[in-house]
Amino acid sequence: VRTELEPVELEDGAAVPKEFANPTDDTFMVEDAVEAIGFGKFQWKLSVITGLAWASNYAMEMMILSILAPQLHCEWRLPSWQVALLTSVVFVGMMSSSTLWGNISDQYGRKTGLKISVLWTLYYGILSGFAPVYSWILVLRGLVGFGIGGVPQSVTLYAEFLPMKARAKCILLIEVFWAIGTVFEVLLAVLVMPTLGWRWLLILSALPLLLFAVLCFWLPESARYDVLSGNQEKAIATLKRIATENGAPMPLGKLIISRQEDRGKMRDLFTPHFRWTTLLLWFIWFSNAFSYYGLVLLTTEFFQAGDVCSISSRRQEVKAKCSLTCEYLTEEDYTDLLWTTLSEFPGVLVTLWIIDRIGRKKTMALSFLVFSFCSLLLFLCVGRNVLTVLLFIARAFISGGFQAAYVYTPEVYPTATRALGLGTCSGMARVGALITPFIAQVMLESSVYLTLAVYSGCCLLAAVGACFLPLETKGRGLQESSHREWGQEMVGRGSHSPGVTRSNSGSQE
């Protein structure tokens, strides 16, 4: 027993060091345990496994849309609206299932919801490669989208095991896997499309999900979810496992919950504390997906034309000959598509560098502004090289905006509604994504400049919306309960306001 201890003064909001974790409290919450144990070997493993789901189940299946559309347009002689519908149906499936997967994750566990969604996507992803006619591939790709809608829950599971200081950087680490997945899909298309065709591309793109299905057995259930469900013993076992793998001590005392409450319901997102936040986040996610996937689809259209200004003249020539005339993607198109896809990596790095410096809200606003500016520059008749550079910058920043939104959203909602909040935001993103093919592929035939103006204007409004979000979550912990006074639980546990005491139930009175 040490009889003489040096007093240690902590910065305001700083986490208690591991060796002094809860030395006097007789109770602790999951938040305390995660902060005390810290970041280590366990989180690195979890990063790789959830990142694999993110890359294979989400990024690859999304990137394939910009490659599949022009191929089926030529092979099956599809008009532009049917090509757009082929992309939109995936997002219809995602939109219709996002809230459902959120409810499943809140009621049966984050791990359960994630596993079911991945296996669903694997099954229908392989089946879609055998579609005999357009109507069948439309149905099967819609079912693939239904499964993909559950993948954002991997962010929920991941965030709930991360200490406060590492959370933003680690969630952005998952976005690196998105970039890896999109680049891998383009490389796979370069190898497969010229020889085996689009059917094999669909099948081979689904196979990496098998690896995640095997690794799922290692994934633990969220300790926050177990405590909320009244299963403290299982939560303690999970926390002990993390502490053992990280070589860190467990906090002292008894694990408690702030306040036992019902699992998240839709009305909880519209309480006075969350109403304005929810509405703004819905529009931000809508704008982000609308612009990101619109840019992905526009990229192949621009590359096929050579530059922006030649699209209008090319469309007029096509209409004069045949409305079903098409062009296959060339080797040069795939090369430039790969270059713009590689922009995801600097997008992650830039976001990683600024998100903890200027905050989540300003990072989102900056990303939207840069994208909007690059969209306006496309009004100029630029050559192929300048076009590629502008698309590279625009995609880097709009993907950065997505990353910031994925960091901010789980941080702003309490545990009971976190998965539901993320799920509804994902649902609104799918609304934007299912609309965007009719702008990027159908409206483009009528007016290139109107199309670019729509994307630019939408992102300008989203930048304003990001600035008006009520709460900046930089440097704050995850909320446990929505019943606490707004903002109290999100500040660091190292400081307490005068007159605020912790009761035995963990609530503040």
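Every residue gets a Cβ built from N, Cα and C, even glycine.
TrEMBL labels come from automatic prediction, so no person has curated them.
What TrEMBL records for 498-509 is compositional bias 'Polar residues'.
Per TrEMBL, domain 'Major facilitator superfamily (MFS) profile' is recorded for 47-474.
Residues or ranges marked as region 'Disordered' by TrEMBL: 480-509.
If you look up TrEMBL, you'll see 46-69 (among others) marked as transmembrane segment.
Annotated transmembrane segment per TrEMBL: 81-104 (among others), in sequence order.
Under the heading transmembrane segment, TrEMBL lists 116-137 (among others).
The transmembrane segment feature in TrEMBL is assigned to 171-192 (among others). Nonlocal intrachain contacts for the transmembrane segment (171-192), taken as residues 6+ away from its ends with a CB within less than 8 angstroms of a stretch CB, comprise 47, 50-52, 54-56, 58-60, 62-64, 67, 154-155, 158-159, 162, 200-201, 204-205, 331, 334, 337-338, 341-342, 344-345, 347-348, 351-352, 355, 399, 402-403, 406-407, 410.
Same-chain residues lying 6+ beyond the ends of the transmembrane segment (198-219) with a Cβ under 8 Å from its Cβ atoms: 45-46, 49-50, 52-53, 55-57, 60-61, 64, 67-68, 71-72, 75, 111, 114-115, 118-119, 121-122, 125-126, 128-130, 157, 185, 188-189, 192. Look at TrEMBL and you will find 198-219 (among others) tagged as transmembrane segment.
Look at TrEMBL and you will find 273-293 (among others) tagged as transmembrane segment. Remote same-chain residues near the transmembrane segment (273-293) are listed as 62, 65, 87, 91, 364, 368, 371, 395, 398-399, 401-402, 405, 408-409, 412-413, 417, 421, 424-426, 428-433, 435-437, 439-440, 455, 458-459, 461-462, 465-466, 468-471, 482, 486 (criterion: CB distance under 8 Å, separation of at least six residues from the stretch ends).
Nonlocal intrachain contacts for the transmembrane segment (363-380), taken as residues 6+ away from its ends with a CB within less than 8 angstroms of a stretch CB, comprise 284, 287-288, 291, 295, 308, 351, 354-355, 387, 390-391, 393-394, 397-398, 400-401, 404-405, 408, 449, 452, 455-457, 459-460, 462-464, 466-467. The transmembrane segment annotation in TrEMBL covers 363-380 (among others).
The transmembrane segment annotation in TrEMBL covers 386-408 (among others). Taking Cβ pairs closer than 8 Å, the transmembrane segment (386-408) reaches residues 152, 155, 167-168, 171-172, 174-175, 178-179, 281, 284-285, 288-289, 291-292, 295-296, 299, 302, 307-308, 336, 339-344, 346-348, 350-351, 355, 360-361, 363-364, 366-368, 370-371, 374-375, 377-378, 425, 459, 462, 469, 473 in its own chain, all 6 or more past its ends.
Sequence annotations record features per position, and here TrEMBL assigns transmembrane segment to 420-440 (among others). Distant neighbours of the transmembrane segment (420-440): 69, 81, 83-85, 87-92, 94-95, 98-103, 105-106, 145, 149, 152-153, 155-156, 264-266, 268-269, 274, 278, 281-283, 285-291, 293-295, 297-298, 301, 405, 409-410, 412-413, 451, 454-455; these residues of the same chain sit at least 6 beyond its ends, with a Cβ under 8 Å from one of its Cβ atoms.
Long-range contacts of the transmembrane segment (452-471) within the same chain, counting only residues at least 6 positions beyond its ends with a Cβ under 8 Å from a Cβ of the stretch, are 276-277, 280-281, 283-284, 287-288, 290-291, 294-295, 308, 361-362, 364-366, 368-369, 371-372, 375-376, 378-379, 398, 401, 408, 412, 439, 443, 487, 490. Annotation comment: TrEMBL describes 452-471 (among others) as transmembrane segment.
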Q | Averaged pLDDT score, the domain 'Major facilitator superfamily (MFS) profile' (47-474) | A | 81
